[in-house]
Amino acid sequence: MSFDQKTREADRIYDDFEPPSDWDHDDSSDTVILMIPGFMKEQLRVQVTSTRVLRVSGERQMNDKKWRRFRKEFSIPSHSDTSRVAAKFEAGILYVKLPKLINQQNIAPTPTQQEPQKPQQQTIPQKPDTPNTDHVSDQKKHQEPKKDIEEVSEKNEKGKAEESRDDENGKMEKRPVTMEMVSRQRQEYVNALCGLVDEVKKQKQLVNVLLLVFLVLMFGIYVKNVINSFFSGGHKHQEL
C-alpha cells in the first residue's frame, strides 16, 4: 500500500452501525441472517477463525470522506462443520449457512405401532345351583376387549389432534419473525434514503455560499476600479 493510499484512509470518517441479525435452525444446518441494505457483495467479508468464531464485516463509501461500516461476530456451535460454511447475499440480506456434522444430524425415529394388550381373562368359579353364571361371564368377556380398543383409538385421535395443534403453533411463531425482519429492512432503507437527502442538501448549501462569496469579491473589485478611475481622472485635471 502506497503512502497516498494510507493518507486517504486516515482521512476517512467512519459511521459504525450494528445490522439486525437472526438465526434459522433446521435438522441439517444453522443459518445466520443479517439485514444490510445498501451494500454490495464486493463490500462484504465473511471469515471463520481458528477459535470457531464467525466474523462478518463490511464497509461502503457515502461521500468523499464519509464511510459506513459494521463488524459482527458469532460463536459457531460445536456441532457445526466449519469446512463447509457457505454464504449467499441477495436483496440486501446475507445468509451464512453452517452445516451440521453428519453424526450430529437429528434422525427422526420411525414410529412403531403398539398392539393393544389383550386383557387377562378372569375365570369365575361356577356354582352348581346357578345355571345363568356362564352366560353372564361370556358377556363380560366380550365387552372388556371392546372397551380397551375404544380407549386405544381415543388416545390415538387425541395424539393426532395435539400434533396438528403443535404444527399450527409453530407456523404462527415463524410468521412474526418474518414480519419483524421485513419491518427492520424497510426502516434501514428509509434511514439510508434520509442520509442521502441530507448529503444533497449540504452540498447545495455549500454551492450557494461559494457563489455569494464570489459575487461579493466581484463587487468589491468593481468598486475599487471605479474609485481608482475617479481619483486618477481628477488628478489629471489638476495638472492641466
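Think of each number as a place in line: the chain as shown, counted from 1.
Each Cβ is built from the backbone N, Cα and C atoms, and glycine gets one as well.
The feature region 'Disordered', as given by TrEMBL for the ranges 1-27, 55-81, sits at 1-27. Remark: secondary structure over the domain 'SHSP' (12-115) totals 9 helix, 54 strand, 41 coil, with classes taken from DSSP.
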